[in-house]
Ligand code: F6R
């Protein structure tokens, strides 16, 4: 696992956006897996700025979703489909046909989950998967004690996650769905490169458990330790509980072959 400590969220966003731009320059039709929530917004802003400045041509890039609420009406502004269209697809100048996600309003949710895993595989697999992390250590919506081998499926959100996400629903937890479709941990681990961004002190415990704790389903993000190419980018606040922070700083500063990530 590569751990990169950056001064703040903007620097993290810029670093990851540059890694995504470099990937798209190498592979113009790369399949980019995106996360939602607050954390990745600086990445999307930085990437859109690169596209607008002509620093990268992302017109053939493909976007796929990590997870989705179950039961929100189609077009709900906080459905992750709407969020990804608004925050990623439109700012990059892509159209909806370059974007895939699980169908949270499907009558047969289980079939929609299986279909999504199949669609990801048929698309050639995810080249780079962005991840955030929950305060409870979740990735995607794989809540604590999710199987490390899990596939895309329906999950129940913990109370903590519903509290954390109430800010997107006028602060009203009653409006936060109980159920979601999420790529499983096994599905996520199939992406060629995993990039997790965590910012703010509220993520410090989860980051320390992910990076320095044992691989354990109670901390789903710790599964990144099993991946051959996982990068964890953290700001100083999110890094504040890492015992090895100085070692990570030293390693990153002394790896001249690293270009961006
Ligand atoms: C969202 C997702 C979640 C979030 C996590 C952190 O697609 O998969 O795992 O990344 O809940 O959310 P923020 O960034 O809002 O703190």
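Each residue, glycine too, has its Cβ placed from N, Cα and C.
When secondary structure is read from DSSP and collapsed to three states, residue 67 (active site, proton acceptor) falls in the strand class. Positions annotated as active site, proton acceptor by TrEMBL: 67 (among others).
Cβ neighbour count for residue 136 (active site, for ring-opening step) (all protein chains, 10 Å cutoff from its Cβ): 20. Among the features that TrEMBL reports, active site, for ring-opening step is placed at 136 (among others).
Within its own chain, residue 138 (active site, proton acceptor) has 144, 146, 158, 161, 220, 221 as residues 6 or more apart in sequence whose C-beta sits under 8 angstroms from its own. Taken from TrEMBL, the feature active site, proton acceptor covers 138 (among others).
In sequence order, 134, 136, 155, 156, 157, 158, 161, 220 are the residues of the chain that are 6 or more apart from residue 143 (active site, for ring-opening step) and have a CB within less than 8 Å of its CB. According to TrEMBL, the feature active site, for ring-opening step maps to 143 (among others).
Looking only at the domain 'Glucosamine/galactosamine-6-phosphate isomerase' (11-226), the predicted model's pLDDT averages out at 97. Summarising the annotation, TrEMBL assigns domain 'Glucosamine/galactosamine-6-phosphate isomerase' to 11-226.
Annotation comment: TrEMBL describes 146 (among others) as site 'Part of the allosteric site'.
Under a cutoff of 8 A between CB atoms, and with a sequence separation of 6+ in the same chain, the neighbours of residue 153 (site 'Part of the allosteric site') are 110, 113, 181, 182, 184. Taken from TrEMBL, the feature site 'Part of the allosteric site' covers 153 (among others).
TrEMBL lists 155 (among others) with the feature site 'Part of the allosteric site'.
The Cβ neighbour count for residue 156 (site 'Part of the allosteric site'), using a 10 Å radius and every protein chain shown, is 13. Residue 156 (site 'Part of the allosteric site') falls within a strand segment according to DSSP. Taken from TrEMBL, the feature site 'Part of the allosteric site' covers 156 (among others).
Within the set of recorded positions 136, 153, 155, no residue has a CB atom less than 6 Å from any atom of ligand 1. Annotation note: residue 138 (active site, proton acceptor) sits in a coil segment as assigned by DSSP.
Neighbour count (other Cβ atoms within 10 Å of the Cβ, all protein chains): 22 for residue 146 (site 'Part of the allosteric site').
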